[in-house]
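Look at TrEMBL and you will find 1-22 tagged as signal peptide. What TrEMBL records for 76-109, 176-195, 241-260, 289-306, 313-332, 344-365, 377-395, 431-453 is transmembrane segment.
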């Protein structure tokens with residue numbers, strides 16, 4: 001039990017840092033301590049050194065404000081509860097805590113370091129999971145339970161905070177057009193690449209129908225985000241090995257694609273000449289505990305009912321549709337805006353667990369799925385070329401197109417991060433909006449693509 005408590009304390013401290021509980025530039029520095037002390041990862045010296053660092057930062061001299069701030073981060077506690085329940089269901093709580101710790105460190109690395117910002121937090125969490133899994137395997141039952149819990153809860157939580165009506169606002173309209181062009185280019189690229197590599201993909205995946213599940217899930221991911229990949233994969237009952245290989249390929253290509261996209265245009269390019277104006281959308285709204293409680297309760301009801309009435313794998317599709325419909329109700333946004341803060345920690349746990357899934361697969365086994373690499377390269381390359389060509393014809397600016405592409409390939413957080421890093425403040429909030437719009441629509445498009453592709457067999 002002492003071993004479990006120490007793992008839990010390390011995970012909780014790291015998650016505190018990621019959750020932004022230290023203001024005024026004070027950091028817990030737990031990930032640095034964790035990474036530098038592999039010999040005594042769960043021993044007292046690490047906790048003692050961490051305690052001294054905390055004390056040197058003046059944290060223990062002001063404990064009550066820290067506790068108060070922590071209580072204002074329910075997303076942290078929701079992820080912690082999900083982690084413990086999943087570990088208990090899978091029969092290995094320390095393993096679940098280890099996955100959560102990788103998620104926390106990956107999120108911290110993606111937020112606080114230049115390399116991490118280039119990789120993005122989700123990819124960092126997944127990469128760390130791969131590295132740790134090569135040394136310490138986690139039982140498959142724990143990983144499956146973590147992934148199921150994370151996706152089941154994160155899907156309605158994130159979409160409840162999505163205001164589809166706001167996407168049509170003046171500051172977002174041009175970026176929405178660019179995003180739709182990017183989504184169309186992804187669909188075109190996926191279909192063309194599928195036809196080009198149909199034979200090798202069918203052989204590698206054990207049949208064309210299995211290959212079509214991977215193609216549809218990757219297309220959905222590169223219209224919306226990783227959440228849509230998981231929803232489509234679950235709905236289509238994708239084989240775990242194919243899912244691991246597809247995630248590994250997509251993550252590796254994403255590591256190359258995002259720095260490439262960022263390098264295609266200089267920072268601080270003037271956007272006003274293209275009709276993109278800044279607004280007051282970038283302000284941060286604080287939420288009360290009542291807001292969090294209402295949002296979580298509604299998401300739980302939506303998730304449970306969807307699981308009860310839907311066939312296996314399709315619950316997330318229904319919960320997505322219901323959440324988007326609820327978010328469109330007048331006045332709902334003020335109540336459900338806290339869903340994003342609750343949902344993102346769960347997604348980081350999912351990405352870390354996906355990394356553990358990939359890391360548990362032998363390299364020679366993954367080589368069998370090398371046609372997915374060819375498909376992925378064609379998908380990314382055609383997406384970018386078609387997007388830039390069509391966008392130029394339509395008079396869209398390069399920053400708008402690249403932010404839209406990042407929203408397609410990486411999701412709302414990645415797109416907003418690119419806009420922030422490049423100094424395109426006018427695009428930060430619109431990037432979040434169009435990326436969330438992608439989350440709300442990509443799963444259905446992925447399922448539709450599978451229905452079309454599967455008829456080619």
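Just so it is clear, glycine is given a Cβ too, placed from its N, Cα and C backbone atoms.
Relative to the transmembrane segment (377-395), the listed stretch 176-195 leads the set 76-109, 176-195, 241-260, 289-306, 313-332 in CB pairs under 8 A. Between the transmembrane segment (313-332) and the transmembrane segment (431-453) there are at least 3 Cβ pairs closer than 8 Å, counting only pairs 6 or more residues apart in sequence, which means the two stretches are in contact. Recorded stretches compared: 176-195, 241-260, 431-453; the one with the most Cβ pairs under 8 Å to the transmembrane segment (344-365) is 241-260.
Residues 167-168, 201, 211-212, 215, 218-219, 222-223, 374-375, 378-384, 386-387, 390-391, 394, 396, 400-401, 403-405, 407-408, 430, 433-435, 437-438, 442, 445, 449, 453 of the same chain sit 6 or more residues outside the transmembrane segment (176-195) yet have a Cβ under 8 Å from a Cβ within it.
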